[in-house]
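Take a look at the structure set out below.
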Amino acid sequence: MAFSDLTSRTVRLYDNWIKDADPRVEDWLLMSSPLPQTIILGFYVYFVTSLGPKLMENRKPFELKKVMITYNFSIVLFSVYMFYEFIMSGWGTGYSFRCDIVDYSQSPTALRMVRTCWLYYFSKFIELLDTIFFILRKKNSQVTFLHVFHHTIMPWTWWFGVKFAAGGLGTFHAFLNTAVHVVMYSYYGLCALGPDYQKYLWWKKYLTSLQLIQFVLITIHISQFFFMEDCKYQFPVFQYIIMSYGCIFLLLFLHFWYRAYTKGQRLPKTVKHGICKNKDH
């Protein structure tokens, strides 16, 4: 009886909560409920931390050079497109970089922002292949807590962002992240091309710095919200989530930076047989 009451209360709570969702995305892929993505991400974590390494234990690593080249440069093109769409749907056409509220109208610009937010959300599932490729290539040491946590928490939290607040100041970190990914995946793509392209990778040592700058800018931008008394942003809870996200990843990347460059435990490695040896993000 107690379980039945708990279930009923949970259903009522969910129904009351979901009524505030954005109706524009109700019928979009993966947007009806958080359950499908939770199942996908749960299996992802299980595969990359347990099942995958076991399946590959007595197998030779896959040779994925051509696949990696195609994948990385495809992500570059996709990221360029999303960056452009974020600019054209708000960040370059009217957003103030301060108190930018969500536009829930059916205007072309508002719908363009919603579509761009969903594309960014969906791109996070495509990027799960980063870890899958590590497993298939038997690069298990690259499957760090930072890597798995980042690839899991981003799509899961972004479902709620798209479902309730697709636009406004809460999308700044996505806008910035697409630009960073253009640089990062360009490096990975060039790296995958092989040793002949090493001369074009002199800037690899700046990748971690670029990500640190990204999280500093995200934290600074979102911190403004807490000092603006008249900001009418519709879902303040997302600002606390983004603030936590920025601080957590800033600390994790600072730890990585210290371990890799100060203590010298994990310096970036060059390519071997045309495949990148280091891919933390």
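Each residue, glycine too, has its Cβ placed from N, Cα and C.
Because the structure is a prediction, the values reported are computed rather than measured.
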Swiss-Prot annotation, disulfide partner among C191, C231, C247 for C99: C231
Swiss-Prot annotation: K19 and Q234 on one membrane face: yes
In contact by Cβ distance (the transmembrane segment (237-257), the transmembrane segment (67-87); 3 or more pairs under 8 Å): no
Alpha-carbon distance [C99 (disulfide bond); H147 (3-oxoeicosanoyl-CoA binding site)] in Å: 31
Structural state of C99 (disulfide bond), classified by DSSP into three states: coil
Contact ranking winner - 116-136, 143-162, 207-227 against the transmembrane segment (237-257), Cβ under 8 Å: 207-227
Euclidean distance between Cα atoms of K204 (3-oxoeicosanoyl-CoA binding site) and C231 (disulfide bond), Å: 40
